[in-house]
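Asks: Below is a structure I'd like to ask you about.
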Amino acid sequence: MNTLFLDAAFSKPTERPPVWMMRQAGRFMPEYWEIKNKYSFLEMCKTPELAADVTMLPVDLLGIDAAILFSDILVTAEAMGGDLSFTQGVGPRFANPVRSLADVDALEVDVLDKLQYVADAIKVIQQRLGGSIPLIGFAGAPFTVMSYLVEGASSKDFKTTKLLMHNHPEIAHKLLAKIAKVTAEYLNLQIAAGVNAVQIFDSWALALSWNDYQEFSHRYIQEIIANLNRKDIPVISFCKGSSVFAPVMAEAKPDVISVDWNADLLNIKNSLPAGIAVQGNLDPHILYADKPVIKKTILQLFERMRGTDGFIFNLGHGIMPDIPFDHVKYAIEVIKDFKY
Ligand code: CP3
């Protein structure tokens, strides 16, 4: 197996930084559309052979150092009772938003049987990978998942979610505790099915104040990580907002913190306890730019990180759907040509 990714995640030396990219299996690839034009997004997630086909696209076409399971952070919320749909150009929607104590009480927590399709997909993917590179599993963090359940859709300002947190914290906490329980069990199901690492996505944490981050996000991530069967399985904690929250994220004891593009990555690394690796942190917009700009910016980051063990190259957030495929491929060639 190519162990670059796992070595870096456990802060061991590597000959070059390993590379994978958030949202690497998605709409910027023409081959994704060939599948997407025939099936709905949820069908793709729930049919193990299709989920495996999409997971393998960046493995076969880009040569990345780790694969990530093709799924979505909202499948846990759907299993709990959320009436989830995805519409092109609109994004995710819950037809039955969760806003009252009765709504929270109606959500189920014993839902692993409904998520068995994910375990099945992991087994098919591992067969296809044949031990060549590690497979990353993932789940959404409770705050980010709650925001979709409460808003019923994507949101710019999280107004309804914040109103619930501020006016009815006891309802918000009951909801977060339920999501956290399901999330820990769900990640353990993925580990039992054979993933080699897990990442927790708290995509919208940046919307929170310092105090609200501790109260409504961090403590639940800490609880999830504490409950993982994580022997030999590195845990990556990603949040948009990590430039601010990294010291708090470290208290949950992940193996890796995935950093957005606002901070200097070496400064973040040096501010963390020894043994916590960093992942990041190229601004994904750089991948729209001309190739010499892409190369220069990646090499600048690598020179900055030279001599630092525990560094995985990634973007500060996911690849946008209209980034040219050819630019992503070029970026990966630049990375794989680099030697410390
Ligand atoms: O990284 C990967 O390649 C693995 C697959 C993956 C998807 N979603 C596939 C997907 C992962 C890891 C996710 C996580 C996810 N889903 C997050 C956290 C990551 C992040 O970027 O912050 C979030 C916030 C979601 C929720 C979600 N799912 C949204 C907001 C959307 C719509 C996005 C949009 O711009 O329309 C989705 C749908 C989704 N998830 C797609 C894919 C490939 C697009 C579906 C389609 O083809 O229409």
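Every residue gets a Cβ built from N, Cα and C, even glycine.
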Asks: Given that TrEMBL lists Arg23, Gln24, Ala25, Gly26, Arg27, Asp72, Tyr148, His317 as binding substrate, which residue among Ser203, Ser209, Ser217 does it place in the same site?
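Replies: For the substrate site that includes Arg23, Gln24, Ala25, Gly26, Arg27, Asp72, Tyr148, His317, TrEMBL also lists Ser203.
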Asks: From Arg23, Ala25, Tyr148, which binding-site residues have a C-beta atom under 6 Å away from some atom of ligand 1?
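Replies: Near the molecule: Arg23, Ala25.
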Asks: Rounded to the nearest angstrom, how far is the Cα of Asp72 (site 'Transition state stabilizer') from the Cα of Ala25 (substrate binding site)?
Replies: 11
Asks: If I restrict to non-local contacts, at least six residues apart, and a C-beta distance under 8 angstroms, what lies near Asp72 (site 'Transition state stabilizer') in its own chain?
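Replies: Those within reach of Asp72 (site 'Transition state stabilizer'), by Cβ under 8 Å and sequence separation of 6 or more, are Phe41, Cys45, Phe86, Pro92.
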Asks: Can you see whether DSSP assigns Asp72 (site 'Transition state stabilizer') to helix, strand or coil?
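Replies: Reduced to three states, the DSSP call for Asp72 (site 'Transition state stabilizer') is coil.
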Asks: Count the other Cβ atoms sitting within 10 Å of the Cβ of Arg27 (substrate binding site), across every protein chain shown.
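Replies: Taking all protein chains shown, Arg27 (substrate binding site) has 15 Cβ neighbours within 10 Å.
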